[in-house]
Amino acid sequence: MKKKQVSIIGVPMDLGQTRRGVDMGPSAIRYGGLYERLTDLGYTVHDKGDITVDILENAEQSGTSNLKNLESVTEASECLAKKIEQIITDGHFPLVLGGDHSIALGTLAGVAKKHKNLGVIWYDAHGDLNTPDTSPSGNIHGMPLAASIGIGHSALINIGGFSPKVKPEHVVIIGARDLDAGERKLIKEKGIKVYTMHEIDRLGMSAVMRKTIDYLRERTEFVHLSLDLDGLDPTEAPGVGTPVAGGLSYRESHLAMEMLEESSIITSAEFVEVNPILDEKNKTGAAAVALIASLLGEKLL
Ligand SMILES: NC(=[NH2+])NCCC[C@H](N)C(=O)O
Ligand SMILES: [Mn+2]
Ligand SMILES: [Mn+2]
C-alpha cells in the first residue's frame, strides 16, 4: 500500500509584524515532535526545511506607506508559492509552519495556482482583512486574507501573478473576536462567513464545524486551513504576538481538527504565529503539534 505523503515547509518570517521571535516558530513546532507524531500516524514525511527570509536588520525599507517590510515579505511569499506548487504537483499534502500570518500570502498563491475552486478556513482571533488604508498598524500579517480575496496593495494581491486566490464567499472565519472597523465593513460588503466567539458560545463548536464543513462542501472542491495559534485562548497558547482574551479552548480546537479530519475536506494547511520567545516552555509549539496530529488523523482511542 502506498503511504500518504506530507511535505513540511518552514517559513521563518517575522517581518509581517513587530514582535521578534516568531521567526523561530517553525523550529519550536519541529522541536515539539512533529516529525515523529506524523510518522507514527503512518505518513511518509518530507521535511523540505525552511524558506530563506531576510532578517529585520537587512530588510529593505522602501517606505511604502503603511506596509512594513513590503519587499522582503513579497520576496519570501513568491518563493513559498513556488515550493507549495511543487509539493502539490508531487501529490503530497502541504503543511506550512510559520512564521507570522503574512506567510499565508505565499501559501495561498501556491495552493490556488493548483487548486481551482478553493475554499479557506481562517481559524483566528483576527480577520486579517485589513488593507494599507484600514490597517491600524501597517503590519502585513493583518492583511493576508484581504489580499487573497483581491483587496489591498497590488504587490500583495499579485503574489504568484494572479488574483484573486479565493472568492470571498468561499472563506469561513472561525474564532474572531478582534475585528477592526475596516474589516467589519469588508465582511459585510463581501458576504464573508464569520463565526465569531459569540456564535461559537451560542451554538457550540460541534455545530459550527458541521455548518462550516457543509458550507464549503457545497461550494468548493479543495479547502485550505490557515490556523493562527492566537485563535486559541492565550492561557492555552501564550506564545503569540497579538493575544486576545476570550478565545477557543484547547479542546474546542481539537474537536474542530477532528471534525475536519473526519470530513476529509482539507487539502492543505498552515499553522502560524507561534512565537517561542513569548511562550511558556513551548506550550504553544506543543499545541500546534497536537492540533496538526488531530487534523491528520491522530485519535484519542
Ligand atoms: N495574524 C495576526 N495575528 N494578525 C493580527 C492583526 C492585528 C490588527 N488587526 C492589525 O491589522 O494590525
Ligand atoms: Mn490572529
Ligand atoms: Mn492571523
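The backbone N, Cα and C atoms fix where each Cβ goes, and this holds for glycine too.
Among Asp90, Asp128, Asp214, the residue that TrEMBL places alongside His101, Asp228, Asp230 at the Mn(2+) 1 binding site is Asp128.
The Cβ neighbour count for Asp228 (Mn(2+) 1 binding site), using a 10 Å radius and every protein chain shown, is 26. Applying an 8 A CB threshold to same-chain residues 6+ apart, the list for Asp124 (Mn(2+) 2 binding site) reads His101, Ile173, Ile174, Gly175, Ala176, Ser226, Leu227, Asp228, Asp230, Gly231. What surrounds the Mn(2+) 1 site, by Cβ distance within 8 Å of the Cβ centroid and not counting His101, Asp128, Asp228, Asp230, is the set Asp100, Trp122, Asp124, Ala125, His126, His141, Ser226, Gly231, Thr242, Val272, Glu273 from the same chain. Cβ contacts within 10 Å of Asp230 (Mn(2+) 1 binding site), excluding its own Cβ and spanning all protein chains shown: 29. Classification of Asp128 (Mn(2+) 1 binding site) by DSSP places it in coil, neither helical nor stranded.
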